[in-house]
Amino acid sequence: MDSIFVIEQLLNGLGYGLMLFLLAAGLSLVFGIMDTMNLAHGSLYMAGAYIAARAHEAGAGFATAVLAAVAATVVIAFLLEQAIVRRLYARDHLAQVIATFGVILIADDVVKAIWGPSPVMAAMPAALAGPVQLLPELPYPAYRLLLIGVGLLVALGLYLLVSHTRIGMLVRAGASNRGMAELMGVRVGRVFSFVFVLGAALAALAGALMGPISAVQIGMGEAILIPALVVIVIGGIGSVRGAFVAALLVGMVDTAGRAFLPPALRAVLPPALAAELGAALAGIAMYLLMAAVLILKPAGLFPARG
Amino acid sequence: MTRPGKASSAVPAADLAPLAARVLPWVLLAVLAAFPLLAPVLGLEYWLGFVRRLLIVMIAATSLNFILGYGGMAALGHAGFIGVGAYTVVALVDAGVGSAWLAWGAALAASALAAAAIGALSLRTRGVYFLMITLAFAQMLYYLAVSLSAYGGDDGYGLYTPLALGAGIDTGDEAVFFWVVLAIAALVFALFSRIAASRFGHALMGIRDNETRMSALGYPVFRLKLAAFAGAGALAGLAGALLASHNAFVSPSLMHWTESATLLVMVVLGGLGRRWGAPLGVAVWLVLAEVLKLHTEYWHWPLGLLLITVVFLAPRGLAALFARAGRAA
């Protein structure tokens with residue numbers, strides 16, 4: 001294991017973590033402000049990935065395709081919020097889980113009807129397909145650098161929006177004490193619609209960007225939903241800062257687990273056992289992290305309330 | 001909170017209801033017991049295996065209804081215990097064990113232990129955090145099963161010889177295995193009904209409604225919840241062991257998180273905290289899915305629509321609808 005390999009894996013972990021953050025930020029705010037568990041967030045991610053891949057394939061430039069995906073998903077999310085999610089705010093978490101699970105089932109069939117059951121190959125933009133020489137001996141895929149760059153920019157933008165603007169203040173007020181914010185004249189319902197649509201835009205952006213380096217297929221939303229939920233639970237529900245720290249932690253732990261655990265175990269254990277144990281531990285690393293955090297801090301690392 | 005028991009004793013016109021409630025389960029049991037004999041006559045052989053699976057899933061769903069509906073513990077990892085039961089059977093069969101008593105008994109014990117350990121850690125959290133931590137443990141079990149290459153890893157493990165129950169009972173025979181499953185399911189359901197109506201069941205409902213008050217009254221809240229959680233896990237494990245024999249195959253997909261979610265969905269659909277909620281939810285969900293699958297490849301969206309409709313129009317589940325209709329009549 002040389003240092004080049006380690007740096008490469010850390011960059012991969014950073015990129016994955018930032019994409020998880022894009023997903024988790026919206027999920028966490030929706031949860032924090034309106035106390036609403038939205039399992040269909042992963043379906044919005046899937047919508048973004050499919051629309052971007054298809055638009056790019058149809059001849060649109062990559063940036064245009066990504067923007068189109070974000071715009072289309074925002075419209076879908078707005079309609080979803082008006083039709084279903086809005087009516088779930090006052091209900092308990094179980095009702096929200098059941099109804100949004102229903103939305104997942106419908107979304108998967110809609111995608112199947114429009115784009116067919118087989119996975120879609122999402123192409124990378126030609127200009128970014130090659131590697132960039134980061135250090136004399138460290139070539140790194142340009143596209144993954146783009147992910148890191150966009151992820152950091154969005155994180156910064158979200159930080160400025162939430163911490164330094166009037167609308168951000170309303171969002172934070174709603175997240176820390178909804179009842180009080182309502183009494184002070186904040187229209188929390190309208191703030192929530194904004195947050196829901198913003199979260200959808202971020203999810204679509206993550207989906208569109210992840211498309212070329214993962215599989216664009218039905219069920220991709222459910223697969224990424226669980227790590228995103230792990231992130232918001234570790235970070236503390238409702239906290240954007242918590243989601244950021246936790247997303248990077250989970251991204252690093254997951255990537256490092258897959259890259260470093262098997263070789264490390266091979267050094268001390270017989271190869272067959274090391275391969276098995278390494279794969280198992282790599283898969284469960286992020287869940288171990290979450291279980292450990294919850295047992296020590298039952299409300300996550302950065303609780304938004306109280 | 002109105003419980004069905006209270007309501008029926010308060011309404012004098014519903015004198016017939018308790019009688020029907022007492023007779024109906026026996027009628028249902030008789031019809032189910034006759035099903036393997038009637039199926040070939042009616043040309044329903046295909047559905048024999050289906051009804052057997054339904055009975056097995058009902059065991060798991062009933063155990064989830066017990067902790068979720070009566071105990072207020074929203075667990076999203078119940079499929080993990082199904083997996084522990086199924087893989088216990090796989091491990092024993094792989095080691096050369098052929099006795100169903102031993103294999104199923106070990107599955108019960110192993111999943112009870114797993115549930116006790118997971119419960120002891122998870123029950124410190126509440127609400128959504130509990131939901132997520134039980135999910136996390138189920139995911140750990142899932143990845144553990146994926147990495148067990150001795151038992152096929154991702155590809156799963158085939159169980160080719162049926163387990164032996166002794167006394168001339170051949171579990172390899174479709175109809176005989178159906179009766180075995182029916183007997184176990186009926187026993188589990190009777191046990192669940194007794195426990196739900198016992199002091200333990202009532203204490204659990206008290207904890208669900210007001211934990212602070214129950215602990216002020218001197219009830220050992222944590223221990224009661226843990227006992228319920230471990231018991232439910234054990235029954236889910238039994239369902240997993242039966243499912244292993246039913247499918248003659250075990251793979252990690254049994255433990256995928258969507259399986260846990262589907263179990264939760266079926267219980268809520270049927271009616272949380274209602275005696276017949278879990279069987280009703282399982283029957284409606286699985287029959288609908290099976291029928292839709294026969295007719296179209298787009299069989300998910302009608303189920304999704306059903307869930308959204310139930311959440312908005314029948315928030316207390318289908319069993320509550322029936323109870324209301326029965327009271328109004």
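Note: Cβ is positioned from N, Cα and C throughout, glycine not excepted.
For reference, TrEMBL has these:
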type	residues	note
TRANSMEM	B:23-42	transmembrane segment
TRANSMEM	B:54-81	transmembrane segment
TRANSMEM	B:101-121	transmembrane segment
TRANSMEM	B:128-151	transmembrane segment
TRANSMEM	B:176-197	transmembrane segment
TRANSMEM	B:217-243	transmembrane segment
TRANSMEM	B:301-323	transmembrane segment
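Remote same-chain residues near the transmembrane segment (B:101-121) are listed as 77, 80-81, 84-86, 88-89, 92-93, 133-134, 137, 141, 163, 165-166, 225-226, 229-238, 240-242 (criterion: CB distance under 8 Å, separation of at least six residues from the stretch ends). Contact between the transmembrane segment (B:176-197) and the transmembrane segment (B:217-243) is supported: at least 3 Cβ pairs lie under 8 Å, counting only residues 6 or more apart in sequence. Scored by C-beta pairs under 8 angstroms, the transmembrane segment (B:54-81) has its highest count with B:217-243, from the stretches B:23-42, B:128-151, B:217-243, B:301-323.
When Cβ-Cβ distances below 8 Å are used as the criterion, the transmembrane segment (B:23-42) is approached by residues 48, 51, 55, 174-175, 178-179, 182, 186 of the same chain, each at least six residues removed from its ends.
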